[in-house]
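Asker: In case it's useful when we look at the structure, here is the feature table from TrEMBL:
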type	residues	note
REGION	1-110	region 'Disordered'
COMPBIAS	26-47	compositional bias 'Polar residues'
TRANSMEM	155-176	transmembrane segment
TRANSMEM	183-201	transmembrane segment
TRANSMEM	207-225	transmembrane segment
TRANSMEM	246-270	transmembrane segment
TRANSMEM	290-314	transmembrane segment
TRANSMEM	326-345	transmembrane segment
TRANSMEM	406-424	transmembrane segment
TRANSMEM	490-511	transmembrane segment
TRANSMEM	517-536	transmembrane segment
TRANSMEM	548-566	transmembrane segment
TRANSMEM	600-623	transmembrane segment
Amino acid sequence: MSNSDPKPMHPSSWAKKTGFKPKFSGETNASDSGQIALPTNTTQPDTNLDLESGRVRSQTLPDANGNGNGVGAAQGEKVLVKKRRESDGAPKNSVPSTNGQANAPPPVDQPLRRAARHEEVVDDDEFVHRQSHMKYELRDSPGLVPIGVYGIQHYFSILGSLILIPLVIVPAMGGTHEETSKVVSTVLFVSGVTTLLHITFGSRLPLIQGPSFVYLAPALAIINSPEFRGLNENKFKLIMRELQGAIIIGSSFQALLGYSGLMSLFVRLINPVVISPTIAAVGLSFYSYGFPIVGTCLEIGAIQILVVIVCSLYFRKISVLGHRIFLIYAVPLGLAITWAFAFMMTEAGVYSYKGCDINAPASNMVSEHCRKHYSRMKHCRVDTSQALKSSPWFRFPYLLQWGTPIFHWKMALVMCVVSLISSVDSVGSYHASSLLVASRPPTPGVLSRGIAVEGLSSVLAGLWGTGTGSTTLTENVHTIAVTKMGSRRAVQLGACFLIVLSLIGKVGGFIASIPDVMVAGLLCFMWAMLTALGLSNLRYSEAGSSRNIIIVGLSLFFALSIPAYFQQYGISPNSNLSVPSYFQPYIVASHGPFHSKYGWLNYVLNTLFSLHMVIAFLVAVILDNTVPGSKQERGVYVWTEPEVARREPAVANDYGLPLRIGNIFRWVKWVGL
């Protein structure tokens, strides 16, 4: 591919295409968080705000003498500039900006240089030397040791997203601690394998694949289906096989959506105003599970939440050896500190009551004293689980370990819709991460390819039996912004480490032994983060627009109110339901308002309309695509045009498939560059 094309796209053409203007009403641009920003003119770049340091910084282009003292130095910072690496292959007549758009070409006699990653910025209290952008970008490979360290760090920082879903769904399916341990190990294994597949053959962005909270609500709805009530023997394996069948069919639909090119057409309906309430509704929908479980052992659960909040907010600027340890590892640190506290309380005998046996069911306890304290013994003690002792040292998760999947179309149709919501979530993650690490956003073809690989990854998750589909973790984008690690080689090496870790059975057993009150405490933080990350997509649009305010407000309200109507329909106030109160929203299939002669249709409609994210998506996508609004107001995502990607080697190197595999897709334009 030649880089001699003398006609780079002028920024005005990008502006006309996207509708973006240099300044947003009432907002400040932030390049580190992926804020869309266009240069105000061809000679003076925008001034950006560093969200973490709270100070303004500016990037400069060198003057005619190449001294780096040209425009953009009004704030007095000293900015170092250097030549763009030859490996980037970028044409010298254009340079990609932080939002993936082309800046104006410099004069012929002025060679364009790339701003260095380091600059001096004024902090709250003193001058500090800190990194202005990413430590390592998409194609950087600094060496085996650095990428290994950063890769492992990347996975530990999103540990909660990887392990929490199995800790919720397996007990709900009637599984034992040993079965929870096996599912956790399987999730870690599949996450490592699918991450390697996605980075190598999918979008090629450093995005971790794992069990998404998008799949949690439909999984709970299937688990609490009427046909599974009253089952005791082999209940876990039966429900798991049903989930496997639904996930395999739904994920096959997602793969077809990507490889057929339909995703390229569907993405035209998807923009920040649609994605924001949809993802926010996922986090808001689990409020009935979070603090009610924390309240079963308030002194442990409240400490869990407070420690995570203190680490992630009050200690977020504390650096150790140049790393913001407390911000990056807020969840693992919170878990470790709380677990240590609960262990000391257990060993001190605080939760030991004379004459009471925690291993005896509450129904068999004769003493009123023991029945009174049974809940505290069950939820506060850390030695009630035998998962760690019973787990083997080595265990290889194998295909169809729970048996042959069972296929029911009514459950599969629910999962098909959920896979569509999962694709919507991934669209926002692709765009936001590309602004941080890549030269330009991906093309619609690359986006379709990524969604297709996610579908195939979820098929693998269904075959292995993780209980949920596999998709891009939304929290991953926040991790990239915080750690400033965007190298895909680092994430690939971390995925290999995760696969090795999954083979150690004691690791799964250790995670499975986390008390459920600590799981709920972590989920309160994770779901709140997911809600905030969803709403953060509004920064790509005019968040103050009355049009957008009304659409987002209606989407969120109806996302909570309409499912509440379905969930409460037909239930009398004094009804004695056999499921816990926090699972009652997911038994709607048996009593919802749809009562046609087709049982499968009743199941599908009652279940789908009880899912908050489905309602949020439907309301948002209909209103946003029917209510008039400019592209700037709607915040339409910017995707790189295929012809631009083909003529700029930097973009081709970012998203091109390795090992000449891209030649296979040369005839299939809708899944390539």
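In case you wondered, yes, glycine gets a Cβ from its N, Cα and C as well.
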Asker: Compare 183-201, 246-270, 326-345, 406-424 by their Cβ pairs under 8 Å to the transmembrane segment (517-536) and return the stretch that comes out on top.
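Answerer: Top-ranked stretch among 183-201, 246-270, 326-345, 406-424: 326-345.
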Asker: Between 155-176, 207-225, 326-345, 548-566, 600-623, who has the most Cβ pairs under 8 Å to the transmembrane segment (406-424)?
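Answerer: Out of the listed stretches, 600-623 contacts the transmembrane segment (406-424) most.
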Asker: Test the contact criterion for the transmembrane segment (155-176) and the transmembrane segment (326-345): 3 or more CB pairs under 8 Å, pairs 6 or more apart in sequence, then answer yes or no.
Answerer: yes
Asker: Taking a Cβ cut-off under 8 Å, which residues six or more beyond the ends of the transmembrane segment (548-566) line up next to it in the same chain?
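Answerer: Residues 273, 276-278, 280-281, 284-285, 535, 538, 541-542, 585, 588, 592-593, 606, 609-613, 615-616, 619-620, 623-624, 627, 629, 633-635 contact the transmembrane segment (548-566) from elsewhere in the chain.
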Asker: Same-chain Cβ contacts of the transmembrane segment (600-623) under 8 Å, 6 or more residues past its ends?
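Answerer: Residues 214, 217-218, 221, 225, 269-270, 273-274, 276-282, 284-285, 409-411, 413-414, 417-418, 421, 424, 551-552, 554-556, 558-560, 562-563, 566-567, 585-586, 588-589, 592-594.
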Asker: With a Cβ cut-off under 8 Å, give me the same-chain residues at least six positions beyond the ends of the transmembrane segment (326-345) that come close to it.
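Answerer: Same-chain contacts beyond the ends: 153, 156-160, 300, 303-304, 307-308, 311-312, 315-318, 351, 380-382, 479, 482-483, 514-515, 518, 521-522, 525-526.
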